[in-house]
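**Q** TrEMBL lists 46-293 with the feature domain 'Deacetylase sirtuin-type'. Per TrEMBL, the feature NAD(+) binding site maps to 71-90, 153-156, 235-237, 261-263, 279. Residues annotated as substrate binding site in TrEMBL: 115, 118. Here TrEMBL flags 171 as active site, proton acceptor. Feature annotation from TrEMBL assigns Zn(2+) binding site to 179, 220.
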């Protein structure tokens, strides 16, 4: 089958699957709300909600503790792909197919491609008027002793960029990584997050998986600090954190640390070796092939 025909078939299949899922979702939503209505004692059909903006604004003026729940729709208005609805696929996958620990365990390369694509997309996206209105209202309400709480399902951080402070990100953030070994969570905005993912993650159906070896995928620096048996510190001032604490942590484990720098640094006294001069002179000597081999 030609590549063009395969892509068309995948798109048609995706649309049919999405339509079926949407119908099922609406049905389950009706059943859920009907059950909830019975539990709280509402036994009759509710009338259609009002669209009277003036009436709503009057109630907003009186409110002092507002909860705002946001989902993919608000980010979609900033041009962020939702991976939901018609055509809402990355390649042939829906987001929920990849956003699970099981999916990551089975194919970490594929999942990293998916999230790398989403991270790179966000480099060109900005908050929209809804994001800014929420952030500005939060500040106004705080000034009169009120409170706004934003609970979002989105992982794009657009609420944060807009200025929202009281924010709960239910599903985390594209720009925070969690080590599957030690559990450490860190902010990471590197682009790309690792060299092996550069120019990877194209979303079109039919694009081949990169199949990146695990050794080339993003690593947890803390785990590397805890497992190495030698450390070279080359051309760094050892004053910028968190990197500045890595080599001293290694040295505290009794591991040999060799520093190569043009001058002493705050970390020099913690290390077993220090070579003052150009890295291009001393590092090749340190790593030269042993003549005895």
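The backbone N, Cα and C atoms fix where each Cβ goes, glycine too.
Computed from a predicted structure; not experimentally measured.
In terms of burial and nearby residues, how do these features look in this structure?
**A** Over all protein chains present, the Cβ of residue 71 (NAD(+) binding site) has 13 other Cβ atoms lying within 10 Å.
Sequence-distant neighbours of residue 118 (substrate binding site) (same chain, six or more apart, CB under 8 Å from its CB) are 81, 155, 156, 174, listed in sequence order.
Other Cβ atoms within 10 Å of the Cβ of residue 179 (Zn(2+) binding site) number 15 in total over all chains.
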**Q** State which of the following binding-site residues has the fewest other Cβ atoms within 10 Å around its Cβ: 220, 262.
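**A** Checked 220, 262; of these binding-site residues, fewest Cβ neighbours within 10 Å: 262.
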**Q** Report the same-chain neighbours of residue 79 (NAD(+) binding site): residues 6+ apart in sequence with Cβ closer than 8 Å to its Cβ, ordered by sequence.
**A** 124, 125
**Q** Looking only at C-alpha atoms, tell me how far residue 235 (NAD(+) binding site) is from residue 179 (Zn(2+) binding site), rounded to the nearest Å.
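**A** That comes out at 27 Å between the alpha carbons.
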**Q** Take the domain 'Deacetylase sirtuin-type' (46-293) and average the pLDDT across it for me.
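**A** That region's mean pLDDT is 88.
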**Q** Could you tell me the C-alpha distance between residue 220 (Zn(2+) binding site) and residue 171 (active site, proton acceptor) in angstrom, no decimals?
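**A** One finds 20 Å between the Cα atoms of these residues.
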**Q** How many Å separate the Cα atoms of residue 75 (NAD(+) binding site) and residue 171 (active site, proton acceptor)?
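**A** Given the Cα positions, residue 75 (NAD(+) binding site) is 14 Å from residue 171 (active site, proton acceptor).
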